[in-house]
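Engineer: Structure in structure tokens, see below.
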């Protein structure tokens, strides 16, 4: 916090309620998209197109397009799935945990963190389907009366994933829309065109901001937050169980579910920091997203980095202490095997680099913070692909040991969906308030900035 | 009872003071409209029906139980599949899906209960034609009071409490 700043979470000395509404809604209702927006859109359109081509290709040709083989039967699809769902988990987790712990500063970041959840979880949902091998039968995962008299196999991790992702996306949508409702009323009341009035009016459902509305709203919103925390933990625990419920060395570990949850929070916070930096610049929200916000988020990343490091160490220790030969061999393979350089990069990205966040100067330098956030997300993706590769390449049967060879399709489905994610935000930023106006008003009132 | 008055204030503090003053004088404060939740007001206008949490609990636990029964029925009775000698009724793993499903249904039920308790969706309301009411979602704080007897004394009280605009609401 600079000496010039008067309030911790609100940058200017005075930020009235009208200014808050204007700062958030005017870029949508009164300003055009601007040049940066069009450049970004043009830049990501090829990626969006590539995503559709890659998905179309795998649906037509089959998963032979990917580098999987008879030993390493999982590949980029699974790693990408875990990575995206991890990012997707963090938005709702951050938003709800900060609400329950009464961290008023969440007001500036919760809306786009929740939107991040929706987009990331939706993208994550693509991967298990395109990796099914027979994606046309994906609907067999749902229990429905059918003439074949078939039922889902409830003991299968795939079925757990289906319910976890479906429930989580729909839950996050309701949580996000509830928080959006009062802001949609603001948008309705500020709309200057007939279309704007009708569309925002219909979406706002007639919200009047009555004291009774607020009382019910707050009860529901807090209850949702209280449900969201265990839901998020259970969703990513189920992702961890996809591995832990198997019989493979290096996967069958009881630490996997919590270790996956922390990993999700870690990469998710890194993604929120990235988004906050870009959105703050793109929409000129310096008054509401302050250095103190970045300081707080950087501290959470640092904490998560330490917990991740501790989890890796626990994994190594338990393999040694457990004494199982295959487990010990797999850990040895981490450090000396075919993927060792990737493993060293993972440790560098996830454990070493974030230690820079101990320094206040680093936490307040947005360029460094953005670089660290990218490095963390890279490291977390490496972690997920290595969980898949190391164990599958080095299982119990020595005659089956093989390595993975990356194909062009793999590279495309790794990079191209990022375009889809950015497209989601570009569209969202043009139609809906990207910062929660009513919560920032409340924050400004509490901080004494609105008076 | 004559028509209620809608008074517009610039700060939540002024509104709360006015509400206390009018209540002390025997008028009936009906509701307040604010751009963000204000604790003193949500307490003062506590809704009678507190449905959201009970509805969520009933829907959540009910749907979780139903999902468990579905899993048990499908794998123990309708389609018994012996895979590696595992028990047909594998209750340990049957707990996962009901948790996810129960939370989802609780959320849907809670959202419906929230709308129902608020009387929403209601795309039109007599308040929407009131002057300045569009500012209640932005930067003004509105108080709706039904006067005791004549409207004039109440109007004076509201204006003395700092109301910038006092208007009659016709339903």
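Counting starts with 1 at the first residue shown.
Each residue, glycine too, has its Cβ placed from N, Cα and C.
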Engineer: Pick from A:81-100, A:201-220: which range has transmembrane segment per TrEMBL?
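Structural biologist: In TrEMBL, the transmembrane segment feature sits at A:81-100.
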Engineer: With pairs fewer than 6 apart in sequence excluded, do the transmembrane segment (A:112-137) and the transmembrane segment (A:366-387) have three or more C-beta pairs that lie under 8 Å?
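Structural biologist: Output no: the transmembrane segment (A:366-387) is apart from the transmembrane segment (A:112-137).
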Engineer: Which listed stretch (A:81-100, A:259-279, A:407-432) has the most C-beta pairs under 8 A with the transmembrane segment (A:225-247)?
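Structural biologist: Per the Cβ count, the answer is A:81-100.
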Engineer: Short question: most Cβ pairs under 8 Å with the transmembrane segment (A:112-137), which of A:81-100, A:157-181, A:300-321, A:341-359, A:407-432?
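Structural biologist: Comparing A:81-100, A:157-181, A:300-321, A:341-359, A:407-432 against the transmembrane segment (A:112-137), the winner is A:81-100.
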Engineer: Have the transmembrane segment (A:407-432) and the transmembrane segment (A:37-61) got at least three CB pairs under 8 Å, pairs 6 or more apart in sequence?
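Structural biologist: Yes, the transmembrane segment (A:407-432) and the transmembrane segment (A:37-61) are in contact.
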Engineer: Given a Cβ distance threshold of under 8 angstroms, which distant residues of the chain, six or more beyond its ends, lie next to the transmembrane segment (A:157-181)?
Structural biologist: 85, 88-89, 91-92, 95-96, 110-111, 114-115, 117-118, 121-122, 124-125, 128, 141-142, 204-205, 207, 217, 220-221, 224-225, 227-228, 231-232, 234-235, 238-239, 241-242, 245-246, 432-433, 436, 439
